[in-house]
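K.L.:
Copied straight from TrEMBL:
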type: DOMAIN; residues: 52-144; note: domain 'Cadherin'
type: DOMAIN; residues: 145-199; note: domain 'Cadherin'
type: SIGNAL; residues: 1-17; note: signal peptide
Amino acid sequence: MSHLILLFSLFLAPAFADGGSQKSTQHLCSNDVSHKRQKRDWIWNQMHIKEEIDTPLPHHVGKITSSVRNSNAKYIIEGEFANTIFKVEETSGDVYAFERLDREKKAEYELTALIIDRTNNRSLERPSKFIIKVYDINDNAPVFVQKVFNGSVPEMSPVGTSVTKVTAVDADDPTVSGHATVTYEVTTGGEYFTIDDSG
């Protein structure tokens, strides 16, 4: 029992040792809480859009949203093709594309989101960068890397002897299943020659 009383008094002693120190600690804590309450964050959906969409323009890309609550808040975007290809609705944060996009020309765009007070143009939140990715559709046919492939084979060679190798490429996204897969077929001379998927 005497050990418990001793430990209890040891825990209490620092708390009563310095009243000023306690006030200082309370003050720091309240500032810390206040700081946390003022923390704001950008929140938005993943930005992506399919290439070559054939519906009427503009096309909705996504939405930038800040936790700032200010009746005078206005969204702005800056960066690659901001306010030309891409525009933001200043009150809702909805981002639109005003042109049909081609992933084979450009696969992604880097922009910056801002939110300002429209009365004085003061920034209400730190700017934040975001990427708009263009999703691939299978819209490109494979093409041969050269116009003519020459091959030769000695007469009386056994079946399965290699004659030549051909190569074709597809500009579509190879990370999307099937979009850049190339297969080969012999259209003339199939009674003498075959070709496999490697060309």
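Each residue's number is its place along the chain shown, starting with 1.
Note: Cβ is positioned from N, Cα and C throughout, glycine not excepted.
As the structure is a computational prediction, the values presented were derived from the model and not from experiment.
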K.L.:
Restricting attention to the domain 'Cadherin' (52-144), give the mean pLDDT.
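P.N.:
Here the mean pLDDT over the domain 'Cadherin' (52-144) amounts to 91.
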K.L.:
What does DSSP give as the helix, strand and coil breakdown of the domain 'Cadherin' (52-144)?
P.N.:
0 helix, 45 strand, 48 coil
K.L.:
Could you tell me how many residues in the domain 'Cadherin' (145-199) are helical, how many are strand and how many are coil under DSSP?
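P.N.:
Summed by class, the stretch gives 0 helix, 2 strand, 53 coil.
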